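Questions regarding the structure given below will be posed in turn.
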Amino acid sequence: MALYSAAAAVLEGLERGDGGIKSLVYNSRFPHVRQLYALVSETLRYSPVLEKLLAGAALLQAEKKLPPQLAKVLVYDLLFGKGLKCGGRWKALARRHRARLEAELARLKVQQKVSRNEDLLAPVQAGSPGASQVPRYVRVNTLKTCVDDVIDFFKRQGYSYLGKAANVEELRALSGKKFLLDLHLPELLVFPPQTDFHDNLLYTSGHIILQDKASCLPAFLLSPAAGSHVIDACAAPGNKTSHLAAILKNKGQIFAFDVDTKRLATMNTMLMRAGVTSFQLAQQDFLTVDPGDPKYSKVTHILLDPSCSGSGMVNRLPREEAAPSAERLQALAGFQRKALGHALRFPALRRLVYSTCSLHREENEDVVQAVLQEQGSAFRLVEAFPSWPYRGVAAFPGAECCLRASPADTLTQGFFVAVLEPCGDEAAAPSLLPTAAEEHPELSEGTAPGATPKKRKRKKQRVE
């Protein structure tokens, strides 16, 4: 039964947007990760079919105490896998409904005029962007090491380093054991899709973080100076928090909030492994945090990455499930507007980054527009990463200041990022709010395409 409980927990984490499949599987502490990964992947692959079977057999209505994700896992192994490997009440429950489920499966095959289980799956459209096309991005954790040392380590493991990428097409052409330095982010290495580093020493020791490029943008664009006080409003699973800590050089303070105890515990483990020291975790809904609390009087930067539909995450849920209902979008957007408006109430705020892993305008440009209208002339949008080629949907004047990312255009997960600052000359002072070019001069237009950034000073801690 432990296998099915672990698989259900991973599916629930995917649904909440806690991370990708591999990260959730490897962080589950289940002893047989390959078995768990296979079960989760296959359950996801059959998810649309499983939902039809569960609905047709009215299983969840008949068994009200059966969690939906656990039901999917059990029914998958019962009908499409190698048979149930558990005992106890859940096995008895599945067997009790087996005849009805098999009848629904037969009816579904007749309805779709197919004879094999595999034929029930929706065909993958040729050329459609998906997880198989997105490279493996590796963020070097500068709290423990530096880019040059990590590159040297991978070279010793037989990888060929091709230098800094000049364009997205070079990332697309990666294959075998070749890797590049990303063309936009200075501490991001790029490997071919499906490259697995979960068992690599650099990953298990916290020297590298497996994080999609688009997910690195929020902390990179927030760019707090070392010593700043920062809020990570919806922090789990913690990759952005560790990225903020690296930018801060562990100087200053990060206040990280999440309402789920288990996610906070996992996050705490991950942050400790990454060498993050200046942080405070709180099991608290960010909307209940008092902006007037003296504890947060020095908070100048806020990263707000609230719950969203997750429609941009190609490696989480089947594409068929990436289209939430209008009611669901409305509810999510309502929460997002509240969270953004609340974040703008912190009195010392100098810069805020709002991001989602959603493709829907309702959760992105429409949320930003609504909150800016509520704020009057108090805040403004800042042009985020001017050299980034794909901008916000022109929903209102200024939306082009926002940026978007997608598998097809940027070879990343789907993402949206907006940068907000208080209006006024003082708020715009470059000394307080460094731009990406000021903070990272190697990204300036004067850098020759394909050039390797200047050598960084090697840190004392080195992985041999």
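First residue shown is number 1, and so on along the chain.
Cβ atoms here come from the backbone N, Cα and C positions, even for glycine.
TrEMBL does not curate its annotations; it predicts them automatically.
Source: prediction; values computed, not measured.
Relevant sequence annotations retrieved from TrEMBL are reproduced here:
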type     : residues                                                                       : note
COILED   : 91-118                                                                         : coiled coil
DOMAIN   : 126-423                                                                        : domain 'SAM-dependent MTase RsmB/NOP-type'
BINDING  : Cys234, Ala235, Ala236, Pro237, Gly238, Asn239, Lys240, Asp258, Asp285, Asp305 : S-adenosyl-L-methionine binding site
ACT_SITE : Cys357                                                                         : active site, nucleophile
REGION   : 431-464                                                                        : region 'Disordered'
COMPBIAS : 453-464                                                                        : compositional bias 'Basic residues'
May I ask for the residues of the chain that lie six or more residues beyond the coiled coil (91-118) and have a Cβ under 8 Å from a Cβ within it?
49, 52-53, 56-57, 59, 62-63, 66, 74-75, 78-80, 84
Around the C-beta of Ala236 (S-adenosyl-L-methionine binding site), how many further C-beta atoms are within 10 angstroms, looking at every protein chain?
27
Using a 10 Å radius around its CB, how many other CB atoms surround Asp285 (S-adenosyl-L-methionine binding site)?
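Taking all protein chains shown, Asp285 (S-adenosyl-L-methionine binding site) has 13 Cβ neighbours within 10 Å.
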Identify, among the recorded positions Cys234, Cys357, the residue whose Cβ has the fewest other Cβ atoms within 10 Å in this structure.
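Minimum Cβ neighbour count within 10 Å, taken over the recorded positions Cys234, Cys357, occurs at Cys234.
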Looking only at the coiled coil (91-118), report the model's average pLDDT.
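Result for the coiled coil (91-118): average pLDDT 87.
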CB neighbours of Lys240 (S-adenosyl-L-methionine binding site) within 10 A?
25
Tell me the Cβ contacts of Gly238 (S-adenosyl-L-methionine binding site) under 8 Å, same chain only and six or more apart in sequence, or just say none.
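Spatial neighbours, sequence-distant, of Gly238 (S-adenosyl-L-methionine binding site): Ala256, Thr266, Met267, Met270, Leu271.
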Sorry to bug you, but what's the C-alpha spacing from the residue listed as 'active site, nucleophile' to Cys234 (S-adenosyl-L-methionine binding site), rounded to the closest Å?
13
At the Cα level, what's the spacing in Å between Lys240 (S-adenosyl-L-methionine binding site) and Cys357 (active site, nucleophile), rounded?
13
